[in-house]
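Visitor: The structure's right below; bear with me while I get my questions together.
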Amino acid sequence: SAQKPTHPGFQTNEYADAQLQEIVKKLRERANVYKEKLNDPVISSPEASPPASPKKAPPPPKEEKKDEKKDEKKDEKKEEKKEEAEAKPEEDHYCDMLCCKFKKPPLKKYMESMKLPDTIDSYTDRRYVAWLMLVTIAYNWNCWFIPMRYVFPYQTPSNTIYWFVIDVMCDICYLCDLIIFQPRVRFVKGGDIITDRAETAKFYHSTLKFRLDVLSVFPFDILYFFFGFNPALRANRMLKHNTFFEFNDRLEAIMEKAYIYRVIRTTGYLLFILHINACLYYWASDYEGIGSTRWVYDGEGNMYLRCYYWAVRSLITIGGLPEPQTLFEIVFQLLNYFMGVFVFSSLIGQMRDVIGAATAGQNYFRSCVDNTVSYMNTYSIPKLVQNRVRTWYEYTWDSQGMLDESELLEQMPTKMQLAVAIDVNFAIVNKVDLFKGCDTQMIYDMLLRLKSIVYLPGDFVCKKGEIGREMYIIKQGEVQVLGGPDGTKVLVTLRAGAVFGEISLLAAGGGNRRTANVVAHGFANLFILDKKTLNEILVHYPDSEKLLMKKAKVLLKQKGKPPPGPPVQQPRGLASLFGQKQETPKLFKAMLGGKGRDGLVKLLQLKKQQETRVKPQKKRVESTERAWANRVDENLALLQSTETQAETETKPKEEEKKPVEPPAPSAPPAPEEKPQADAKPAVMQRTTSKESLIISMTPSPRAGEGEILKVEIKEKEKK
């Protein structure tokens with residue numbers, strides 16, 4: 001290859017230089033293609049992506065080759081074993097029970113599914129909530145039965161073993177929660193969620209909850225050997241109240257109607273307080289002596305039910321109880337009354353708050369409806385409008401559970417609003433053909449700006465000729481596009497996911513009027529996006545704006561084309577020999593369209609309209625006729641003078657031969673005829689003929705255009 005020196009000490013190869021320039025040129029073309037593709041996602045690149053070239057690994061040293069070969073053989077054997085294990089069909093595991101066989105999953109899969117993670121998210125893990133429920137049941141067992149077993153003589157030597165077994169089961173639940181579950185619960189530190197097992201265990205051991213949990217499982221039961229089987233030694237089990245309240249919070253967070261559980265929980269609190277009061281009454285009766293006075297329990301009937309009945313009447317202050325007689329009974333009854341008033345009033349207030357919170361939305365809805373109805377009655381709104389307003393309120397509340405969704409979302413951060421909007425509305429908006437190919441983030445921003453509006457059956461969403469400033473996306477229901485001469489013919493029915501009004505939204509200048517009437521067929525829930533909001537969004541997404549403008553041009557072209565009419569039927573037989581029949585004149589149609597006076601009245605109306613249109617045109621034609629007549633007279637005079645001069649020059653001999661006649665007496669010249677201004681254009685036909693000039697005026701073939709002035713000049717024949 002030839003080389004040329006370009007610089008002392010520096011040489012280039014011409015062939016290599018040409019190849020490099022060719023490669024650079026191709027790379028630039030390729031970069032331009034990809035730029036166009038990024039700017040307009042609709043355009044697809046015809047160039048396929050080149051396959052990645054495999055990298056060549058450097059050759060290993062000779063000493064490591066043997067070790068690598070051994071490792072490769074081991075890896076090959078492991079892969080073969082895995083392939084063989086995958087190729088083997090899964091063995092079916094059956095459980096023989098009586099005469100039937102039940103298929104059950106393998107033990108390994110079952111253990112894997114039951115395996116606990118290293119750390120537990122207490123807010124989302126349902127298994128943790130289920131475990132808390134089990135611990136709560138054990139806690140309630142201890143809270144309800146330890147006082148009852150201590151006071152009432154229900155625990156006897158014959159049934160002690162059963163009480164002991166259940167107590168041991170509850171203690172096992174406490175221990176598992178202390179050792180296995182609570183050290184795995186994640187926590188938040190400085191805004192970060194800590195998921196390290198060691199850190200979560202360390203954090204749990206440093207909390208007050210851990211100390212109370214340890215005290216709740218402390219084995220005071222060992223003292224049974226010294227003091228006998230006394231349930232009072234298990235009173236420390238009631239210190240695990242933190243788990244009970246945590247379970248309430250987690251359960252309310254995952255329930256759809258949490259107020260139902262709140263009512264049940266508040267009722268449980270009331271029943272538990274009455275239970276404790278019944279136990280205290282039996283203890284006081286036992287202290288005073290069963291049946292010793294009229295105030296204490298007399299020992300007849302079911303002891304627990306009789307004491308519980310007394311506790312209900314005393315704590316709720318119903319009255320009608322026997323009067324206490326001893327000092328102890330009086331003090332006990334006074335304290336019971338005071339506690340009853342305080343506890344019962346607090347529980348009733350809590351119940352009122354729970355029920356009020358459960359029905360807060362319904363109360364707000366009713367107050368809005370009542371205020372609206374009172375406003376309409378004040379201003380004497382027609383009943384038809386009032387009924388439609390009530391129907392809108394009822395349907396909106398039943399379908400959404402609220403009157404305005406934006407009020408609920410405004411309390412959340414923007415990211416959460418976007419997440420909710422994506423889950424609820426993205427599937428609908430993503431189906432719209434107009435936004436396909438646009439930036440996904442632009443669609444996300446648009447979701448936050450959409451407004452939801454409910455239309456009643458028969459409501460006009462938009463009317464033909466109105467100024468269009470919004471685009472509509474059907475979320476739910478159907479709308480009908482009306483047309484025809486009377487505007488009642490259903491042209492098309494649009495359903496969920498359809499879009500209309502986009503032409504008015506995307507039209508740059510003009511063309512922003514509605515082209516058809518759109519009516520809600522039933523209850524229709526529509527998304528509305530106005531033009532101002534869309535322009536504010538597209539400022540940040542120029543590529544999507546270009547794409548939408550291209551689609552808008554295509555839509556405008558498609559909508560601008562007239563709809564194809566029905567095919568014209570060609571005449572058959574003898575009818576093909578004659579031309580098409582001309583349309584009947586309008587005057588004749590008007591005369592035949594009505595009967596009697598109606599037809600004549602229409603005819604007179606049409607004549608008056610035609611006369612009013614023709615009068616200004618007549619005046620214009622008359623003025624132009626006068627101007628043309630003056631110009632024609634001047635031109636005729638000039639032509640006559642030139643012709644006389646030419647005749648005198650060309651025919652001198654003939655004039656010499658003719659005898660000289662005496663001059664005629666001078667007579668006044670005949671006046672030239674002037675065009676009549678009052679002549680009608682349809683009748684006027686004036687021609688002036690000379691040897692070389694022809695002037696004529698004929699009526700126009702089109703109605704209402706006056707007359708046509710025609711001037712023809714012919715060359716004179718030479719002799």
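Just so it is clear, glycine is given a Cβ too, placed from its N, Cα and C backbone atoms.
Pulled the feature table from TrEMBL, pasting it below:
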type	residues	note
REGION	35-87	region 'Disordered'
COMPBIAS	48-60	compositional bias 'Pro residues'
COMPBIAS	61-87	compositional bias 'Basic and acidic residues'
TRANSMEM	128-148	transmembrane segment
TRANSMEM	160-181	transmembrane segment
TRANSMEM	263-284	transmembrane segment
TRANSMEM	330-348	transmembrane segment
DOMAIN	434-538	domain 'Cyclic nucleotide-binding'
REGION	635-719	region 'Disordered'
COMPBIAS	648-660	compositional bias 'Basic and acidic residues'
COMPBIAS	661-670	compositional bias 'Pro residues'
COMPBIAS	685-699	compositional bias 'Polar residues'
COMPBIAS	704-719	compositional bias 'Basic and acidic residues'
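Help me picture these features in the structure, burial and contacts included.
Guide: With a threshold of 8 Å between CB atoms, the same-chain residues lying at least 6 positions outside the transmembrane segment (330-348) that come near it are 266, 269-270, 273, 277, 280, 284, 295, 314-317, 324.
Within the model, the domain 'Cyclic nucleotide-binding' (434-538) carries an average pLDDT of 83.
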Visitor: Using a Cβ cut-off of under 8 Å, list the residues of the same chain at least 6 residues beyond the transmembrane segment (263-284) that approach it.
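Guide: For the transmembrane segment (263-284), the far contacts come to 143-144, 147-148, 150-152, 248, 296-297, 303-304, 307-308, 310-312, 314-315, 328-329, 332, 336, 339-340, 343-344, 347, 350-351, 354-355, 358.
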